[in-house]
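Undergrad: Just dropping this structure here.
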Amino acid sequence: MQKRLTLLGSTGSIGDSTLDVVARHPERFSVYALTAHRNGDKLVEQCLRFAPEVAVVGDAATAAHVDAKLRAAGSKTTVLHGPQALVDVSKSDGCDTVVAAIVGAAGMAPSLAAARAGKRILLANKEALVMSGAIFMDAVRDHGAILLPVDSEHNAIFQCMPRDAAEHGGISKIILTASGGPFRTREPATLVDVTPDEACKHPNWVMGRKISVDSATMMNKGLEVIEAHWIFGLPGDRIDVLIHPQSVIHSLVSYRDGSVLAQLGNPDMRTPIAYALAFPERVDAGVDQLDLAQIAQLSFEKPDYARFPCLALALKALEEGGIASAALNAANEVAVEAFLERRIGFMAIAATVDAVLNTLPNRTPDGLEDVLAADAEARRLAAEIIAKAPAPRVERTV
C-alpha cells in the first residue's frame with residue numbers, strides 16, 4: 001500500500017534527501033503536503049515535481065508568492081501559511097506518514113499533532129523530544145502513533161536494538177558516535193576566533209547552517225543524548241558519546257553478554273531516511289555500498305569537554321530534568337543565530353547557554369504551555385545576555 005507523506009521542512013537538507021528517496025520509489029510513496037518557512041522558490045519547484053495537495057509556508061507574503069507561481073504553472077496545490085496550517089497538515093486524514101524535519105522549536109507543535117493523530121512519524125526534529133520528551137512520548141503511546149527515528153545515530157541504534165523495550169533486551173548501554181566536527185583537533189584557546197563559515201564546514205556530512213554549528217560545538221550530540229533517553233527509555237548514565245572521525249559507524253549498542261552491535265554505512269542521510277520510510281522493509285536509497293577496504297582505518301576517542309562545553313551543558317540539563325532541556329535548546333537557538341549573524345563569537349554560544357541555565361529557575365512543567373513558556377523565557381534571557389556581550393573580534397583574513 002502506497003504511503004502518503006506530509007514532509008515538514010521540505011526545503012532543508014533532510015527534505016531534499018527525503019524527496020530524493022521518494023522519487024526513486026513512486027510506487028511506494030506519494031506526497032500529500034510539503035512545507036517550508038520562506039524558501040518559496042524552492043518549494044514551488046518541489047510542488048511542480050511532486051504535486052502535493054497542500055503546500056504550507058511561514059507567512060502570508062511568501063504564500064502569495066508561491067500561490068502565484070503555482071497558479072501560473074497550472075498547479076492545483078492549495079497554499080496555506082502559518083503555524084496552525086503546519087498542525088493541520090500533520091494531523092490530516094490525507095496523510096498516514098509525517099516526516100518531521102523542521103529545524104528548531106517551530107517543529108514541536110506539528111510533530112506533537114502528528115503523534116496525537118496516531119501517525120507514523122519519521123522524526124528528524126530534535127526539539128519535540130528535547131523540549132517536551134515526556135509529553136511527546138506519552139502522546140505516541142496514548143494515540144498509537146509509530147515513532148521511527150531519522151537522525152543517523154538514533155536510526156542506527158534502532159536497527160541494532162531488539163524490538164522489545166531496552167530493559168528487557170539485555171542492553172548494557174548505547175553509544176552515540178560523533179565526528180567531532182571541524183574543530184576536533186583545534187586547541188580550545190584558538191576557537192575564540194572561529195568564523196561562521198569555518199563552523200559550517202563539516203568534514204563528513206552535508207547539513208544546514210544551524211545544525212552544522214551545533215555539530216561544531218557538539219551541542220548536536222548533547223541534544224541527541226537527550227533524544228536517545230526518551231526514544232529508548234535509557235537513563236543518561238547508560239548513554240555514552242564516542243568521537244569517531246570517519247563517520248562510518250553511526251552508533252552502537254552494548255549488551256550485557258559483552259556483545260556490541262554497530263550499524264555502519266557511508267555518511268549519507270538517505271540511508272536512515274529510506275530505512276524509516278520503508279520500515280520494516282528495505283529499499284534502494286541511492287547510496288553507494290560501503291567499502292571498508294578503501295576506508296582501511298576506523299578510529300575512536302573520548303570527547304574533550306574543555307573543547308566542547310556545550311556537550312557537557314546538555315548532559316547536565318538531562319540530569320537536572322524539568323525545563324532545563326527546553327531552556328538549553330532555546331538559549332542555544334538564540335545564541336547560534338547570533339553567532340551566524342556575527343553578533344557574538346563562537347565560544348560565546350556555550351557561555352550564553354550556561355548563563356541562561358544558571359539564571360532560569362528549574363521546575364517541572366505542568367504541560368505543553370509550561371514548556372513553551374520556559375522556551376520563551378529562556379529566549380528572552382539569552383537575547384539580553386547577548387545584547388550585553390562584547391562584540392566578536394574582527395574576522396581575520398586568511
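Backbone N, Cα and C atoms are what each Cβ position is placed from, and that goes for glycine too.
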Undergrad: Given that Swiss-Prot lists Asp151, Glu153 as binding Mn(2+), which residue among Glu127, Glu187, Glu198, Glu224 does it place in the same site?
TA: Glu224
Undergrad: Report the candidate from Gly181, Gly208, Gly222 that shares the NADPH site with Thr11, Gly12, Ser13, Ile14, Arg38, Asn39, Asn125, Glu127, as recorded in Swiss-Prot.
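TA: Checking Gly181, Gly208, Gly222 against Swiss-Prot: the NADPH site match is Gly208.
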Undergrad: What does Swiss-Prot list, out of Lys126, Lys173, as binding the same 1-deoxy-D-xylulose 5-phosphate as Ser152, Glu153, Ser179, His202, Ser215, Asn220, Lys221, Glu224?
TA: Lys126
Undergrad: What is the separation, in Å, between the Cα atoms of Lys126 (1-deoxy-D-xylulose 5-phosphate binding site) and Asp151 (Mn(2+) binding site)?
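TA: If we compare the Cα positions of Lys126 (1-deoxy-D-xylulose 5-phosphate binding site) and Asp151 (Mn(2+) binding site), the gap is 9 Å.
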Undergrad: Give the residue from the binding-site residues Thr11, Ser13, Asn125, Asn220 that has the most other Cβ atoms within 10 Å of its Cβ, counting over every protein chain displayed.
TA: Asn125
Undergrad: Which value in Å gives the longest Cα to Cα span across the 1-deoxy-D-xylulose 5-phosphate site residues Lys126, Ser152, Glu153, Ser179, His202, Ser215, Asn220, Lys221, Glu224 as recorded?
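TA: That value is 19 Å for the farthest Cα pair.
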Undergrad: Grab the NADPH binding residues from the record (Thr11, Gly12, Ser13, Ile14, Arg38, Asn39, Asn125, Glu127, Gly208) and give me their largest CA-CA distance in Å.
TA: 21
Undergrad: Quick one: give me the count of other CB atoms within 10 A of the CB of Lys126 (1-deoxy-D-xylulose 5-phosphate binding site).
TA: 24
Undergrad: May I have the list of same-chain residues other than Asp151, Glu153, Glu224 whose Cβ is within 8 Å of the Cβ centroid of the recorded Mn(2+) site, in sequence order?
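TA: In sequence order, the nearby non-listed residues are Pro149, Ser152, His154, Asn155, Leu176, Asn220, Lys221, Glu227, Ala228, Ser251.
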